[in-house]
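Participant: Just dropping this structure here.
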């Protein structure tokens, strides 16, 4: 501390005072060391024992507060050791300080005797300045000793900062790096003012590093004990509740069986010989419960009443606020909310009746908004508080003990040891022996409950970050792996899944230190590989020993490991280090960071030793020892070096073997871990990963997939790789379910190890090979899949760490009753074959006496009764006042909402079919090709199109051209200018590359007696959205034999001149319509027919062919195709349209594209509206009719007066099954089946408790609750 102070205030007077204070502190420390080493001082009072668990294979270790403070016993440790060796460094400091003062005094006297100033000069050699520095080397050295740091102090400081950064490579190195950048950027004039801030930072960092090095006092090692006691209390309570429920059910059912045996006697033994007979042997006597049953289950009834009370008290939420507004008005809802708020208990507001004005309405509207925000803030705070209860409890206990130790301990109490009085350092001893009155702590003026709601939320966010800081570290590791996808950081993820999350009860200090060390190693390696000289950082065009193919190769070593030049290569690793620092703060705060170990000091001297204070102390041969003191003789034996090496290997092997065994025992014994059921969350994220890879599989196999899963289904061509991958994921889900039903932690642990290995090999070795070495982060689907897998692995490890609970029956929706559970169970039942698959799978892997069909029946009954119980819970949440007319606002909110929903369902097909063609996106072609050919010979013309988009003005001009034609105008008004594309093909094609023999065969056909087809083919390619679509439009015209056109065609093929070009009528389409489904049709409403009985001219144009002999004079020709311009359609329409007039160098085709929408809507709008209406209305109508009506046959079930009775009977079956009581399971199942035989039987037996036909009995049957 004095050294730090002298660094901050660099004045000579301050430094002198600091030196004096340091001498005083050293003297005091020396005095305390000597006193502590006296034999009269008992240091055992300051020793603290931290117990990790109660098992003997885990060491119970002891630490001393005195040793932490720097005081250590040196008594009789070595006979040759003198007392001076104990205080050697303190003595040296005092001697040096005295020597300095002597030198200063002698120098002052000497200067006075010589008539000089008594003040010493500011430099060592005042006679040497910069003028004398260049004379010789001696003067230069003197000058450097005088002004070296003054001249080059800035550069020396910067150099030392760089050295510190290189040596440390930790969080402090990052802070020094920031200072380095700041000091290098700023000017000297600015650095002059902030230098004191930098020096202060260095001084404080030294203090902080020293505190981190020595750690907290060992007396604060209390958090582990408090956590263990807390978990032990919870586990004991949970097991007691399970035992009470099991004993109550067993007692009741056993009594029923005994009564049946007494009544039936030998008949029961002779006739109940099969399982079916036992199931069908139920009767009314099984429901004759007496008062003893009520007494045994009174605790269950009390618990139900407490749950109901909590439920009513929890109605202060957003739903109740809006419900009060609907039932009354906004003013009443706001006043009722603030009157029932916890921090306004007892506050009442007067509710004025009658209407209120516009201004008051506005005020209460903002008050209502503020109340809704307060509800959300309070709900979020309570939600976060449920996950930090343990941390808050441990923190409160530790703070309370610290406060009591400071305020309530009487330090006048002590013990006398050999004439010396010593205070007791143990808190327990001080409190126990103190007889003075201990004043109570006055209450706080303001506690955390008095804070505003927003401050409570901020505090809850900070507490959950600190309390669950281990998860924060794991999330940072996972995000680092996701964002960088590097093989070098995979060991961090492996450590998280296979070490950190599996450590019981918590990860050790060793785990976090190894994490920190490995992260720093990764940063160092990445820093090294940032230089261009490292392999993998070369560019493909550079002249290096690595070629371009090797650098692009995904398995190139540096790229495969992730060691490449990148910007901010250290950012994610720094997030990991900061998260670990926060976690270390949390562990240090509750005393769980320091791992206490027992160290054995080597003794090099042979002789007699005695155990004193937990240490071996050498004693003399003639020194008397107590009768109870254990004496040990130490002798040295000389062995060969080879024996020592073999012994060291054996010791190391056994050390790690024992550590692994202890880790395995702690993992599977679950001493202080409360068993929980995480299968629901595991299954959810496992299913999300399964759905991701099922629907987006092409992304996992190709970087730029050309097909989708919908393509696989529509074309009925499913790749084998897709089937194998999806089937493998499905099998993994079934295996996980089977392990869950068997509750086998060993199998789950093995499956977890294999799953971790498979996921990382699949993600970082196989997938990069499939997608051409690209990073997985470039595909969002792969990132989402890996996130789901990581969350699943974290929850899976947590399930292994806490163990499976004793009761795991039922579906996850059956854990609570509410509207959310009702929606989940309805959706679960709508999925085809899911109920049957889960029920049959559960029956196969669950021990039971029921047959599979009885199991199905039981599951069906339990599901139906649970839905009724959920509906009752919804009724309780939305309870209304009886005999009150429903208000208009209530009818508007619920009635109008239902009406709007039904109207949307009715008109949904029409709206989708109409809006899908108007409000979609333009789907103009991205490319097009045009081809002409004679017969099946080589095409004479093939060319690509130049694409042109019409402007708004040009399209409006086209509309004006057809303004007099209603049909044409109606067609054009269905499109916009963004939907029209112009395809312009050059008239001149490529040289006709036909072989001579093929040419002779074509001429033979032309001169022959058979017709010759002239084909036109136009392929239009649409832009790739999900899959690229190609529209093929073709036309064919016949040239009959012995006609002028046939002879002209033969001449053109030979390259001869003809009088007129070859003309083919109606071959080129002028206007094309591209539909949503990817089909193309010729438009027939934009041109007029040439005659009344000839409609071909309405869609196609005449084409003229002319051949031109190639310049090489080798007999080859190229063809010139043109459109005729002497008809009525050209003069009336095409001549006036943009791009419509036939140029001498282009053939023009107009395309009109229908707008496209999402694939789901395009599937609907692409088909017939009649088909879509029929399918949609029948499916939706059947679903709504099933909910609203057609429930007459199930009225007895939905209107049960006591649904809890049937629900409790169903749960008795599962309780007996989990307890292994197969005979009682049959009895419980027989009771349920008998009650559900008919509606009348169920109604009678569930209405009253006692005699079913006695309406004077009003004692309801209490339920058997589920374990929470």
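Quick reminder: no glycine exception, Cβ is built from N, Cα and C everywhere.
Please treat TrEMBL annotations as automatic predictions, because they have not gone through curation.
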Participant: Transmembrane segment per TrEMBL: which of the ranges 611-633, 634-656, 749-771 is that?
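Facilitator: Of the candidate stretches, TrEMBL labels 749-771 as transmembrane segment.
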Participant: Where does the mean pLDDT land for the domain 'Piezo THU9 and anchor' (676-914)?
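Facilitator: Its mean pLDDT is 82.
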Participant: Which stretch, 83-106, 362-385, 471-499, 511-529, tops the Cβ pairs under 8 Å count with the transmembrane segment (568-587)?
Facilitator: 471-499
Participant: Looking only at residues six or more beyond either end of the transmembrane segment (511-529), which have a C-beta under 8 A from one in the stretch?
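Facilitator: Residues packing against the transmembrane segment (511-529) from afar: 169-170, 473, 488-489, 491-492, 495, 499-500, 503, 536-537, 558, 562-566, 569-570, 573, 576-577, 580, 583-584.
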Participant: What parts of the chain pack near the transmembrane segment (471-499), using Cβ distances under 8 Å and only residues at least 6 beyond its ends?
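Facilitator: Hits for the transmembrane segment (471-499): 465, 507, 511, 514-515, 518-519, 522, 525, 560-563, 572-573, 575-576, 578-580, 582-583, 752-753, 756, 760, 763-764, 768, 775-777, 783, 786-787, 790, 793-794, 797.
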Participant: So what's near the transmembrane segment (83-106) in sequence-distant terms, Cβ-Cβ under 8 Å and 6+ beyond its ends?
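Facilitator: Cβ under 8 Å, 6 or more out: 19, 22-23, 26-27, 29-30, 33-34, 37, 74, 120.
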